[in-house]
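Undergrad: Please read through the structure below; I'll follow up with questions.
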Amino acid sequence: MPCEGCMERDNVSSGATMEFILLGFSELLHLRVLLFFTFLIVHLVTLAANTMIFMAVVMEPSRSPMLFFLGQLSAVELCYTLVIVPKALLSLAVGGSPISVMGCAAQMHLFVALGGAECFLLAAMAYDRYVAVCQPLRYAALMAEGLCLRLALACALGAFAVALGLTVAVFRLPFCQPRCIDHFFCDVPAVLRLACTQGYAAELALLAACVLLLLLPFLLILASYLCIAVALLGVTSPVGRGKAFSTCISHLAITLLHYGCATFIYIRPKSSYSPARDKVVSLVYTNVTPLMYPLIYSLRNKEIRGILRKMLKRKKIGELG
């Protein structure tokens, strides 16, 4: 891919001291203070909410499989925001932030890996809902603790392996000067725009990552919910149908949020790339949705609400004691 204003070609692997500059929201300098404190508050609330959900799940000895996956999802969201937001806040504070090649590669790898792990976890949660609705009598046997642990491990390892391959393919490309990334983190499309050559290998790696991390889990989720929909057609009681649907609504809401943003950014023609628009969508993807997840689940999940009430009660008793 040609790079406008390219002054030289330099392979990343040969430039140990090479740096990128994250431009962030440098075009909105007049709003920098407002944006900084808004992002900071959202970041702190997100960390607090996801930490609370994670601790609630960890401290619950008799947690259900869905509660176990919720804990994994909260852990992913915690890491997700810590990988992206602090550097974005620094970029806002100083009006553009340098990042080393290794730092950029590490950030890209962790971002893709955590996002992919989240997709796989959503697929595992959809399977859990399928078993709960379609095979309730075998639920305890099918969704045993050992299977949940293996699914969580497979989600993490699979996503990290795919992300590693994509990151290596991207950073094998030669990059042009000036190396200014028009984004607030090292997102794949933004970094690829700096490549001096047509990176077919990187683009194929991105396509493969989209298929493995986005399309495959989405098809598994779709298959699970089609089976659930068919099973619900046989339920004559409106109460039973409503109860089954209520167990799925939180997962559906989070899936739509996650896949809506991810599809817009990664599954589209390269010619439609717009840095300003992508930064806004990425802002929602990396700041708003991680805050929405614990809110959605704490409002819809009775187990989470019950555990949080017990935690607050213990805290009050401890303060009185």
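Count begins at 1; order follows the chain as displayed.
Heads up, the Cβ atoms here are built off N, Cα and C, so glycines get one too.
When I checked TrEMBL for this same protein, it listed these features:
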DOMAIN    49-297  domain 'G-protein coupled receptors family 1 profile'
TRANSMEM  33-59  transmembrane segment
TRANSMEM  66-85  transmembrane segment
TRANSMEM  105-127  transmembrane segment
TRANSMEM  147-171  transmembrane segment
TRANSMEM  204-233  transmembrane segment
TRANSMEM  245-268  transmembrane segment
TRANSMEM  280-299  transmembrane segment
Undergrad: Check the transmembrane segment (147-171) against the transmembrane segment (280-299) for contact, please; criterion is three or more CB pairs under 8 Å, pairs 6 or more apart in sequence.
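TA: Judged by the Cβ rule, the two regions do not touch, with the required three close pairs absent.
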Undergrad: Let me spell it out: take the transmembrane segment (33-59), skip the flanking residues so only those 6+ beyond its ends count, and list any with a Cβ under 8 Å from a Cβ in it.
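TA: For the transmembrane segment (33-59), the sequence-distant neighbours (Cβ-Cβ under 8 Å, at least 6 residues beyond its ends) are 25, 67-68, 70-71, 74-75, 77-78, 81-82, 85, 88-89, 92-93, 287-288, 290-291, 293-295, 297-298, 304, 307-308, 311.
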Undergrad: Same chain only, please: residues at least 6 beyond the ends of the transmembrane segment (105-127) with a C-beta under 8 Å from a C-beta of the stretch. Say none if there are none.
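TA: For the transmembrane segment (105-127), the list is 66, 69, 72-73, 76-77, 79-80, 83-84, 87, 99, 151-152, 154-156, 158-160, 162-164, 166-167, 170-171, 185-188, 191, 209, 212-214, 216-218, 220-221, 224-225, 251, 254-255, 258-259, 262.
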Undergrad: Pop the mean pLDDT for the domain 'G-protein coupled receptors family 1 profile' (49-297) in here, whole number is fine.
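TA: Averaging the confidence scores along the domain 'G-protein coupled receptors family 1 profile' (49-297) gives 85.
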